[in-house]
Every structure is written in C-alpha cells, then in structure tokens.
Amino acid sequence: MAEYTLPDLDWDYAALEPHISGEINEIHHTKHHAAYVKGVNDALAKLDEARAKDDHSAIFLNEKNLAFHLGGHVNHSIWWKNLSPNGGDKPTGGLATDIDETFGSFDKFRAQFSAAANGLQGSGWAVLGYDTLGNKLLTFQLYDQQANVSLGIIPLLQVDMWEHAFYLQYKNVKADYVKAFWNVVNWADVQSRYMAATSKTQGLIFD
C-alpha cells in the first residue's frame, strides 16, 4: 500500500514574511504537518492489523484516528497551496462573480469569513467551500481537522486557526493573524479549485 507523504512547498519558509514568519512556516510544515502524515500511515498500518484479527474495537478506534490525521494532512496540503508570497488583492473571473452574487460583495465575504475564523472556539479552520448539491458557495467552521462539514462540499480556501499556525508571531491576537492572512491568499489557486469544483464534480456524488 502506498504511503502518504509530506508535500514540498512552492516557496521558501520565509517567503510570506512579514505576514507569516518563516519560523512558523518551518515548524508548521516539518513538525505539525509531518506529524499528521505519520499519523495517517500509522493508523492505516494499525487498521490492517486490527482487520486481520477481526478486532472491531481497534478498527473503530483507528478509523477515528485515520479521519483526524487524514483530515490534518488534507487541510494542510490545501493550506500551503492557498498561500503565496505574490498573493493578496481580490479574486477575479467566475469566482469573483459568484462571491459577489452569494455574499453581496467581496468585502462582505471577507468579513463573514474572518468572523468565522475569529469566532471559532478551540482548534479548527475557517473554510470557503463549494456545495456540489446546492451549487453554491458557503463559509463555515471546520472543527479540529474533520468535524462540522457535510459530505459533498469541496474546500476552496482555508485558514488554519490552530494555535500552532499563529501563536509564535501573533500570540493570542487571532484577529491580527486573520487580517495578515488576506495579504498572502493565493487567489489563482482558489480560482483553480473553484473551476474544478464547478466543472468536474457533476456525477461524482450527485447526479
């Protein structure tokens, strides 16, 4: 069985400064994200052992561990692509139009997304996703690494609100971190995800 691996980044750790420090990015990538990758592979190995023994309690435990660690791996893999030293500004094209139609304006969307991030209790993510059943954009809070999200939603933009993503630089002032995040959003990546979600998902989950 092929193992999950830690992806390389498209930019140097210090490339997002002063908005997100190189120290944070290096620790975040090589320690935290790497731990999720290891957790996924460990959970899969333990699942194989549990299945071979028909140990259902161990199967259920490691399925939960797999969901958590795989969620962490997926979320962080999106996170690194969502960021760019050449980011910021605003989206364009179909994504910009859809944001305006859904939220009223980009500024209103940004305020709603930021409120979701700043208002998150405990650890998790704020997410802009595309609902493939309703064919609409949604913002929501993702709890921990995998909870509070219905199936069929494609993540487009995420901000990591776990303390390891900001505390070394912003301490407990989450609002400053979220404000800085907008300066490094890679809208080209978000637009690419939006185009794929709106054109390639038909029939994958819903007819």
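If you go along the chain as it appears here, the first residue is 1 and each next one adds 1.
Note: Cβ is positioned from N, Cα and C throughout, glycine not excepted.
Here Swiss-Prot has His76, Asp160, His164 binding Mn(2+), and the candidate from His19, His28 in that same listed site is His28. For the binding-site residues given as His28, His76, His164, the lowest number of other CB atoms within 10 Å of the residue's CB is seen at His164. Of all the Cβ atoms in the protein chains shown, 26 others lie within 10 Å of the Cβ of Asp160 (Mn(2+) binding site).
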